[in-house]
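Take a look at the structure below.
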Amino acid sequence: MKSPWRILVVSPLLLLPLHSSTSRAHDNQPGTIRSDHYTCVGCVLVVSVIEQLAQVHNSTVQASMERLCSYLPEEWVLKTACYMMVHVFGADIIKLFDKDVNADVVCHTLEFCKQEPGQPLCHLYPLPKESWKFTLEKARHIVKQSPIMKYTRSGAGICSLPFLAKICQKIKLAIKNSVPIKDVDSDKYSIFPTLRGYHWRGRDCNDSDKTVYPGRRPDNWDAHRDSNCNGIWGVDPKDGIPYEKKFCEGSQPRGIILLGDSAGAHFHIPPEWLTVSQMSVNSFLNLPTAVTNELDWPQLSGTTGFLDSASKIKENSIYLRLRKRNRCNHRDYQNISKNGASSRNVKSLIESLSRNQLLDHPAIVIYAMIGNDVCNGRKTDPVSAMTTPEQLYANVLKMLEALNSHLPTGSHVILYGLAHGAFLWDTLHSRYHPLGQLNKDVTYTQLYSFLGCLQVSPCPGWMSANETLRALTSERAQQLSETLRKIAASKKFTNFNLFYLDFAFQEVVEEWQKMGGQPWELIEAVDGFHPNEVALLLFADQLWEKVQRQWPDVLGKENPFNPQIEEVFGDQGGH
């Protein structure tokens, strides 16, 4: 992943690293992506928002920049950083807007966007009526004496600005680590929510004792302490039997572990961050959480989500269903997903997995790398950079062997097929992006072209006007899914049973339409690529129903003592 944190700090609104969501983690493609290309995307988005705020509120550009900063929270000095950015860049932006140039011209003039020699000009908006060269020369003349131009030409990077250095470092650490940064006893569980804390895996109930963590078998039936953090401990005074023994023995407790990519982590950029007609202080209340969770929302994901869904649909995550089935499973979840993950680097993710074969309960592991093996940052010939069936076979076998050495006996592993991404273009290409809704000037076709030109597209194979390329990408995805199916049918392992499920997106679309929804409503509005919260919960419902019908043993028994557990322990300490 090529320094995805840099784009996050051009301005606090530049928390739009579309690059971090998918193929940026191809470790065997060094140097193919330049971080300043992400900075260009961020600049164009933020400058567009500033311009639209001035339009909607009939205000000056200076007032709109200050309005944007006023919306941001104080936490992580986001508001302060924003005002400092206005102080540094504001005067030049005002001068340029006075000449009626658009965001593309502003960002090229300030050199956050640069046309590489021999490369096409990358732009989000239609080109000016005058020639681009003439327009850019006029704009550069306006700011040529600006001291800030010396900074942008130095190549020092936004993070060299003193007031942003701390933010940069924190975000960089958050993205780099797949285990909690705040973990006193180093047991891979935390009492802190973000920075890979309990939003990602069950909350620790004693961060000073590494023998206490979610998912372990109870120590002495937890008569004196809650060693597995499921909220069930102590002794029933009526008969002297430990509650854990009385309520959980023989109930087949198990955890849920996801090995996934940005879709599994629930990569999400709220549309209200870019839609000025909806923008307010409330729009950015969740910004600090999003920053420290890598713009992922695992706490609301389809596999390990535990918070109430904002989508207001009745479906729950796999974890919440397992917990409802057996309340002894409380807090036993791990979302080992990462933006950009694929079969090429999944084995390294397993190093952050927490499961002790002797001390812990079995687990259900879902392998769901649904796109990055066919999605990559190459602008030319992306097909040649896709994972081949032979490579996938080798990668997945290595992963399964690693899992076999980690998982307790009685576990289960489900291989999930790749996505059917042609749906994206077919559904979105003519629709307006949130940034284009005010003036009807930015469609998803324009967004896809802009990202593709900069070589930061999450998936150039599917987010492309080239029908042949989309078909080739879908063909390779199908080949890889078939490879996963063959592995599941032919391989056996000592400590787990192995299964395969298709990524049946059409079934989810049909279910959503029965509920009165439209297909485009299942895709993340800002990036135009990821399944959104509704889609993820519908996928969870689909997976649960299929597993329950085909392999009911995977889910374990329903615990008849659930009512008693709730009566004695309430919410079991919450999440």
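Start at 1 and count along the chain as shown; that gives each residue its number.
Glycine is treated like the rest: Cβ placed from N, Cα and C.
Small disclaimer: the values here were computed from a predicted structure and weren't measured.
Annotated in Swiss-Prot:
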DISULFID  C40-C113  disulfide bond
DISULFID  C43-C107  disulfide bond
DISULFID  C69-C82  disulfide bond
DISULFID  C159-C168  disulfide bond
BINDING   D183, D185, D187, Y189, D204, D207  Ca(2+) 1 binding site
BINDING   D185, D187, D204, N206, D209, V212  Ca(2+) 2 binding site
DISULFID  C205-C229  disulfide bond
BINDING   D222, D226, N228, N230, I232, E244  Ca(2+) 3 binding site
DISULFID  C248-C328  disulfide bond
DISULFID  C375-C459  disulfide bond
Distant-in-sequence Cβ neighbours of N230 (Ca(2+) 3 binding site), under 8 Å, six or more positions away: P214, C248, P253, R327, C328, N329, H330, R331, D332, Q572
Cα-Cα distance linking D226 (Ca(2+) 3 binding site) and D207 (Ca(2+) 1 binding site), given in Å to the nearest integer: 13
- request: May I ask for the distance between C229 (disulfide bond) and V212 (Ca(2+) 2 binding site), taken between their Cα atoms and rounded to an integer number of Å?
  value: 7
- prompt: Under 8 Å Cβ-Cβ from D209 (Ca(2+) 2 binding site), six or more apart in the same chain: what's there?
  reply: D185
- prompt: Want to know which recorded positions, from C43, C113, V212, C375, are within 10 Å of D187 (Ca(2+) 1 binding site) at Cα; which are they?
  reply: V212
Query: Taking N228 (Ca(2+) 3 binding site) as the reference, which of C40, C69, C82, C107, C168, D183 (the recorded positions) have a CA within 10 A of its CA?
result: none
- prompt: In the structure shown, with every protein chain counted, which of the binding-site residues N206, N228 has the densest set of Cβ atoms within 10 angstroms of its Cβ?
  reply: N228
Query: If you count Cβ atoms within 10 Å of each one, which of the recorded positions C113, V212 comes out on top?
result: C113
